């Protein structure tokens, strides 16, 4: 019988007013990929932070190689052979590949870096991962996928036996994902212990040997024979309902045309786009990488310059030269890159909610109306069901789903008519996705015109009244909800001929 190499035994972690983990117990084995799944807020990140030495457990034991260990800091975890490859990669773009790989462990003699040994050591690990990259290349010249490979090389150079991946494919292209999986398979064959955190079911089934599910900081179950379970089994384990139940689509009466785009193009939008969205309608935009969906939303929102065409709102032609113009007309955007463009990471939940409407409620122009801000932030927090101990909490401490709900709450402080959602559920767990879908339908019931861009085909079919399909900055077709199938929509996303209707 195989002996576990890594074991969590009744591990708990508490923060003031919050029990993040309660009695988590499971085992991981050498030469296996052990997936960790659960909704945002289930406790996955907290568990990784205990494993990496960022947090001390409040209770429970952690055993590695049969030895009970307590990591008081990240250095102790590294010395024990633990490496975490976080979603936010720990790299210095201005430094070279070699300098990043050996950061903190630069070979030196009499205080002078031994460059020859630095290059030789780096090349050894680049060769191991079959990376055709020069050790002298600055990281800023490489792709995110290559950055991730450097992080893996760094882990191997430090003798890591346990390697945990936190949402590793969220920013990778298809070829980069294939490369990552190839490397993970090699590490498994070498007897490494791999922990793999992801929301992507197809990845989990493809790469994992075992799956442990957490919910609300508690252990639910471990699946050891993946041939006997389905997507629905996993979803039920995580959220207590079937996969098909998460959309909750309901038909509604739509009004007159609210948003009309005619022959629109922009500096980064190399096409000629015309579309309409009615009050109370959800229009889905689907297309493969490079289709131009995000570029279209940014031109409508004024984030990218409009070159030609017109935008009408309720029959009135608008002049939108900036996001400020769009917001003042009632058009708002929740951007694709939530962390870079959607939130202010150094600000609280309340400040992020109020950041747009603040100008309407301040005394004069520069004096903040604290009473209104606190009341509004709390109101939107409750309306959006943002899970946070307090509106004073830094927004970066929230899960992706709760960050997205806070961004939606920001716009509900405005008098909005058109809501543009770019990949609204990217990096969000199944339970939080269902809440976002409910919010979309609730806003549609209030007669907002809504455009949803999504790369998730079941999602775009599940939430939309109509689906407009794009390819290479052209509209290739429009499909009514009643006629929408994955095959039909995907075919339109891959054809070259233009075949459009409003």
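Counting starts with 1 at the first residue shown.
Keep in mind that glycine also has a Cβ here, set from the backbone N, Cα and C atoms.
Given the structure is predicted, the values throughout are model-derived calculations rather than measurements.
Taken from Swiss-Prot as is:
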BINDING   38, 39, 40, 41, 42, 43, 44, 45  ATP binding site
DOMAIN    6-241  domain 'ABC transporter 1'
DOMAIN    252-497  domain 'ABC transporter 2'
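Within the same chain, residues at least six positions away from residue 38 (ATP binding site) with a Cβ under 8 Å of its Cβ are 44, 213, 214, 215, 220, 238, 429.
In sequence order, 13, 20, 21, 24, 214, 216, 217, 218 make up the list of same-chain residues 6 or more apart from residue 43 (ATP binding site) whose Cβ falls under 8 Å from its Cβ. DSSP assigns residue 44 (ATP binding site) to a helix. Remark: residue 42 (ATP binding site) has 214, 215, 216, 217, 238, 429 as non-local neighbours, by Cβ distance under 8 Å and separation of at least 6 in sequence. The Cβ of residue 44 (ATP binding site) has 27 other Cβ atoms within 10 Å, all protein chains considered.
The binding-site residues considered are 39, 45; of these, 45 has the fewest other C-beta atoms within 10 angstroms of its C-beta.
Note on the domain 'ABC transporter 2' (252-497): mean pLDDT across this stretch is 87.
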